[in-house]
Amino acid sequence: MHLLQLAVLLPFLGAIIVPIIYYYTKRLHPGYVALLFPVSAAAILISLRAAGQHISSMNWMPHIGLNLDFHLDGFAFLFTMLITVIGTLVIFYSISYLGRREALGHFYCYLLIFMGAMLGVVLSDNVIALYLFWELTSISSFLLISFWNHKSKSIQGALKSMLITVFGGLMLLGGLLSLVAITHTFSIREMIAMRSEITASPLFTVALLFILLAAFTKSAQFPFHIWLPDAMEAPTPVSAYLHSATMVKAGIYLVARFTPIFAVSSLWIYAVTFAGAITLFWASYNAVKQRDLKGVLAYSTISQLGLMMTLLGIGGISLHFGHDEIFYMSIVACVFHIFNHASFKGALFMVVGIIDHETGTRDLRKLSGLLHVMPLTFTAAAMGALSMAGVPPFNGFLSKEMFLTSMFDSSESALFNPFAVFLLLALVIIGSLFTFIYSIKLVKDIFFGQRQALPKEPHEAPLMFLASPFILISIVIITGLIPNILTPMIESASSAVLNKPIEHIHISHWHGINPALLTTLAIFIVGTLMVFAFDKWKKIYQLQPEHFTFNTLYQDALQYSERIPHSVNSKIIRSGSRLHVMLIFGTLILLTIAAFLMNPIDLGKWQLAEIRIHEVILVVIILIATYMVLIAKSRIFSIIMLSAIGYSVGLFFVFFNAPDIALTQLTIETISTALFLMCFFHLPKLTLYGETAKFKISNAVVAILSGLAVIVISLVAYGHRFYPSINEYYIKNVYELAAGKNMVNVILVDFRGFDTLFESSVLGIAGIGIYTLIKLRYRKDDEHEETKK
Amino acid sequence: MEIIMIVLAGILVSASVYLILSRSLLRIIIGTSILTHAVNLLLLTMGGLKGGAIPIYDKTIKQYVDPIPQALILTAIVISFAITAFFLVLAFRSYKELGTDNLDEMRGVPDDE
């Protein structure tokens, strides 16, 4: 066991140990035990990074390519730190958040599984392991969203996120396997080394689209963003951890990780840039109208993820045209913003959880004037929100500035025409404006204004509850004031994304007067005015159609996917056996037609016997008897005609020199006729149930076509005899080897005796069956009722 | 002759499919019996009907009819007899239990909706 594998497996170990400890010691809050695992994982990762150990592999299932090969580069290290550090804070926070009446063992089990899976996602170099951990994050996220499983909204939210992210997960599998098919390697690093072959492959676009779909669904990009607001039914620590800081960034991680392979394609750059920009605009526009605190933060998360996606798209240009410094600054901005967003959004979620916990509501219309009641909470909320809005001196300002600069720089790329640049800038500037508005409005609505009646008497939260958000806020302030302490981390992470060393990055507050700064100033001024005039322009939200949203689309799709199979199934299954028989014979007919359309009929060589007059007479007799059976009105008549057919067939066997089967046929025909007569005595009169003309004609069409199909198949088969029959052997050896003269009998009992053995068994089983059917009777009680119902 | 036999078998198949598609249990069983005859005739025909002696060994005879299809048909006749007998008793019992031999009325237990 290498240390790197140990770091990933530690949380899984915790997921087993914590519930066991919880089961035996109810006094100790299991959160304290759970804290050990992320802390020790973080310690291992930091020491490995300091020691310069990057790669470690462990065989698991080498024959299917699944190995625990981990690669700790700068980008993965950034993510592991977010996962373990914020994980630690979230667990600490949840100790205060979740009371002892909750199912704590389950909670920490799921949370630690998620943590391990997330570490696995960001560290895996093996694509199959990446997929495995990816799905594990979806599953543990599903379990965490539905943690309060007595609420139907939780279950629906969990189901929705599961369906959408697992759809993306399957796309990921498709994309990764396409890459494996091209490169014949399971390692991402080797794939990056072979990128020219990947680009040349016809599977390139397929792999690209699949991986983008996976990333967009996981990172809640437009139009797959609908699951994230509904996932807010989860406990707030879960929202803070999964749905702001870590899991939703798995898609960002994926796009960044595969940028060296795919960014040579302009499709990738366009898709990533514009999906991100549209998401940024749409989600920040919608965040303003939310009335639920977590709803605001959910839409805000979606829009910030869109921002990161856009930056990755622009950053990809540097790979498209060779390394160009202004574009890879965009990657640097993205990496920086990943860090910043995790810090302030985690803090904001925790603050919202505290408000919810201390006031009993998350409804923005009820909350107001809490400034003097909860001053500490206000401080944390205000700093987080200002950072989110991009106000100096917080870290959000720095990454926002870098973001806007990158967007303005994109106009220098030959890849974008003026219209595209205009569209992009319009989307991101309006998006940033709305980001400013909802951030400021959030704080203004909660903490200022008149106090209203609340479900609980509000009071300041205990310090232990506030500790986690304050640690995150202090990170926001420190990295805002002295951003260059992060430079080594950002440099190594950006180099890992671009697969090329990047050095000498300097982040500062003052760049001189440039378009980005002017835009930011304009956003501040317009945004502040709009916050205070919100009542005047909030009508624009009514312009949106109520019933045509992506949510209703999803609901309808879900409903139809249940209703259509159900109606089809009930039609086919409940329609009775006639339709089934028709389908079976219809398939035979269609297959025959298809087979003979593809292969021209060639009757081949015919070796025909001459036609003899008595045989023709027999044929005529059979035809007449068959016709009589078809039109028979009484059962006795139809059974006599049936035996006429049977005896005629027996006669055919006589004419064609088959004495044994003739004998058998005549005997059996007699017995069957007797049996028919015996049963008919008990059965009702032959009635033609509802034989309308339409019924008859449809039956006749199927019947005639099946007969024709049999005729065609037999004729063609008879015309093609590729090999002589094996019967020479039987004829030659029947006397020498088997000491018998009757060839049919010798074949039956000697050459092919097994057939006969089991044929007798069939007869025996039928006999037992008949005996049972006649003897076994239910007593005339409820059993009979049930069959009649 | 083979062509005539093949066409005859096809007509028998048509008749049996037509009977199987009807709603009366009796006619369905008659249909399956006719299908058996059709298949047996087809088996014999596909082996070739060109003359030859009865397949009983005799040193003086050079040409026999093919014994293999005959063995196969013999097996098939017995099995189909067993099945027909079973079907008949099944029809008899289900009529006694359910009081109908109309297939449309035998819809099993309605599923819970």
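Note: Cβ is positioned from N, Cα and C throughout, glycine not excepted.
Taken verbatim from TrEMBL:
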DOMAIN    A:60-108  domain 'NADH-Ubiquinone oxidoreductase (complex I) chain 5 N-terminal'
DOMAIN    A:124-415  domain 'NADH:quinone oxidoreductase/Mrp antiporter transmembrane'
DOMAIN    A:620-685  domain 'MrpA C-terminal/MbhD'
DOMAIN    A:698-783  domain 'MrpA C-terminal/MbhE'
TRANSMEM  A:6-25  transmembrane segment
TRANSMEM  A:32-55  transmembrane segment
TRANSMEM  A:75-95  transmembrane segment
TRANSMEM  A:107-124  transmembrane segment
TRANSMEM  A:162-186  transmembrane segment
TRANSMEM  A:238-256  transmembrane segment
TRANSMEM  A:262-284  transmembrane segment
TRANSMEM  A:327-355  transmembrane segment
TRANSMEM  A:367-394  transmembrane segment
TRANSMEM  A:516-534  transmembrane segment
TRANSMEM  A:637-656  transmembrane segment
TRANSMEM  A:695-718  transmembrane segment
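The transmembrane segment (A:6-25) shares the most Cβ pairs under 8 Å with A:107-124, out of the stretches A:32-55, A:107-124, A:162-186, A:637-656. With a threshold of 8 Å between CB atoms, the same-chain residues lying at least 6 positions outside the transmembrane segment (A:162-186) that come near it are 65-67, 69, 126-128, 130-131, 134-135, 138-139, 141-142, 194, 197-198, 201, 203-204, 206-211, 213-218, 224, 226-227, 251, 254, 261, 558. Counting C-beta pairs under 8 angstroms (sequence separation of 6 or more), the transmembrane segment (A:32-55) reaches the transmembrane segment (A:107-124) with 3 or more such pairs. Residue counts of the domain 'MrpA C-terminal/MbhE' (A:698-783) by helix, strand and coil are 66 helix, 1 strand, 19 coil (DSSP-based).
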